[in-house]
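Copied over from Swiss-Prot:
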DOMAIN    5-125  domain 'MTTase N-terminal'
BINDING   Cys14, Cys50, Cys88  [4Fe-4S] cluster 1 binding site
DOMAIN    152-384  domain 'Radical SAM core'
BINDING   Cys166, Cys170, Cys173  [4Fe-4S] cluster 2 binding site
DOMAIN    387-449  domain 'TRAM'
Amino acid sequence: MTPPRKLHIKSYGCQMNVYDAQRMVDTLAPEGFVETASAEDADLVILNTCHIREKASEKVYSELGRLRVAKDEAARGGRAMQIAVAGCVAQAEGEEIVRRAPVVDVVVGPQSYHHLPELLKRAGNEGRAVETEFPAADKFGFLAQPKPDAIRARGISAFVTVQEGCDKFCTFCVVPYTRGAEVSRPVARIVDDVKRLADNGVRELTLIGQNVNAYHGDGPDGKSWPLGRLLEHLAGIPGIARLRYSTSHPRDVDDSLIAAHRDLAALMPFVHLPVQSGSDRILAAMNRKHTADDYRRVIDRFRAARQDIAFSSDFIVGFPGESEQDFLATLALVTQIGYAAAYSFKYSARPGTPAADMQETVSPAEMDQRLERLQELIDSQQSAFNKAAIGSTVDVLFERPARKDGQIVGRTAFLQPAHVMASPGIIGQILPVRIDSLERYSFLGELVTPRVAREPALSPIATGA
């Protein structure tokens with residue numbers, strides 16, 4: 001029997017890359033590859049890359065420098081190691097990667113992962129293989145499906161890609177160039193994936209896409225289904241207790257999505273809705289095609305539909321031309337909305353984007369100062385949101401043993417980690433927990449009732465409407 005070959009994948013960036021990494025593992029399993037935690041011991045190392053920020057892509061080249069040493073060590077020991085660069089850096093830079101890092105054997109863009117087996121063979125025969133085209137075929141129809149044991153090993157939460165690409169062309173963003181135009185998967189294929197996951201123990205699904213609420217997939221009735229209708233359908237699949245989605249664009253929030261948050265108890269009341277800036281002038285320069293007040297109105301619609309809903313967001317400071325007044329408008333928006341969590345970044349010019357050619361730049365020192373001020377406000381809001389839960393009882397979906405002996409960790413509806421002393425038998429169950437204290441970002445608490453599974457109702461949530 002041929003011994004299995006070892007595969008190590010390191011993913012950078014977004015949730016889509018986590019999903020893509022799992023699908024690459026599934027695609028390579030029939031070729032005899034099994035995952036290993038060590039890059040040094042691997043026969044194949046894949047760097048699944050992100051191109052959103054300059055530091056992310058530079059990390060890849062730093063990692064390739066370390067892998068060159070590991071590859072040389074393997075060769076001295078008589079073992080061949082292949083190195084592949086996948087993801088958005090691969091798509092954006094293509095042949096430049098092998099010129100800059102000759103240690104790389106394969107460069108493969110996000111739309112071509114189903115070609116990995118043949119690309120590895122080609123690299124073995126020809127020395128290099130680069131594929132970064134946008135093929136017309138839907139890659140999702142060709143990627144291997146995970147086996148039941150692989151699904152169970154990955155735990156009770158899973159990502160499912162329903163949409164890929166973006167048509168918005170924000171001036172700072174490379175996604176339309178690296179992931180292509182918006183494409184939605186057919187409803188039937190998504191349902192098949194979800195049923196397979198549910199049959200093998202998955203309780204929580206996060207539907208993902210670069211612009212997930214732009215989803216309009218072909219439904220079984222011959223009509224185009226929006227995200228809200230898809231969520232409603234998936235909520236009825238036995239075994240699925242929680243639904244989430246990410247990442248959203250304010251312009252694509254429609255009535256069906258608002259209704260889903262009003263009506264579906266399985267749909268968690270936590271929405272990641274990036275806005276990037278609170279200044280209309282900067283939003284226009286970013287080509288966001290909405291104003292700060294447009295964003296506020298979207299938030300109001302969600303809150304009218306479900307009172308306990310909470311939000312996270314993304315913000316960029318130091319976008320070209322951002323004045324102190326523009327930045328103060330961002331602080332005002334954050335103060336007014338009140339976030340459970342948010343992510344702030346200094347502007348990073350990406351080659352090939354319109355913003356990279358904008359001349360009126362903000363100094364690094366000013367960016368640092370604004371980032372610190374914004375993050376201080378965000379941190380204070382997150383701390384207040386978390387502390388408000390102390391003393392209350394919340395439902396927690398338990399996921400795995402914690403690092404501390406005897407503890408099991410799960411997550412609340414708002415993705416806050418919660419630790420309790422309990423047996424592993426509660427993993428996969430949703431149970432009420434009294435929150436006793438907060439340590440940094442994690443709760444400590446106690447189970448309130450006997451350890452019996454509680455399923456969230458799929459009936460409409462009572463509202464004042």
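Cβ atoms are placed via backbone N, Cα and C, with glycine included.
This view paints the features noted in Swiss-Prot onto the structure.
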{"residue": "Cys14", "record": "[4Fe-4S] cluster 1 binding site", "Cβ contacts under 8 Å, 6 or more apart": "Cys50, Ile52, Gln210, Thr247"}
{"residue": "Cys88", "record": "[4Fe-4S] cluster 1 binding site", "Cβ contacts under 8 Å, 6 or more apart": "Gly13, Thr49, Cys50, His51, Ile52, Pro110, Val174, Val175, Thr178, Arg179"}
{"residue": "Cys166", "record": "[4Fe-4S] cluster 2 binding site", "Cβ contacts under 8 Å, 6 or more apart": "Cys173, Val175, Pro176, Arg179, Ala181, Glu182, Gln210, Asn211, Ala214"}
{"residue": "Cys170", "record": "[4Fe-4S] cluster 2 binding site", "Cβ contacts under 8 Å, 6 or more apart": "Gln276, Met286, Asn287, Arg288"}
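Remark: secondary structure over the domain 'TRAM' (387-449) totals 4 helix, 35 strand, 24 coil, with classes taken from DSSP. Of all the Cβ atoms in the protein chains shown, 21 others lie within 10 Å of the Cβ of Cys50 ([4Fe-4S] cluster 1 binding site). Neighbour density for Cys173 ([4Fe-4S] cluster 2 binding site): within 10 A of its CB lie 21 other CB atoms from the protein chains shown. DSSP states for the domain 'MTTase N-terminal' (5-125), grouped as helix (H, G, I), strand (E, B) and coil, give 68 helix, 25 strand, 28 coil. Across the residues of the domain 'TRAM' (387-449), the predicted structure has a mean pLDDT of 96.
Using the Cβ center of Cys166, Cys170, Cys173 for [4Fe-4S] cluster 2, the list of other same-chain residues with Cβ within 8 Å runs, in sequence order, Lys168, Phe169, Phe172, Val174, Val175, Pro176, Gln210.
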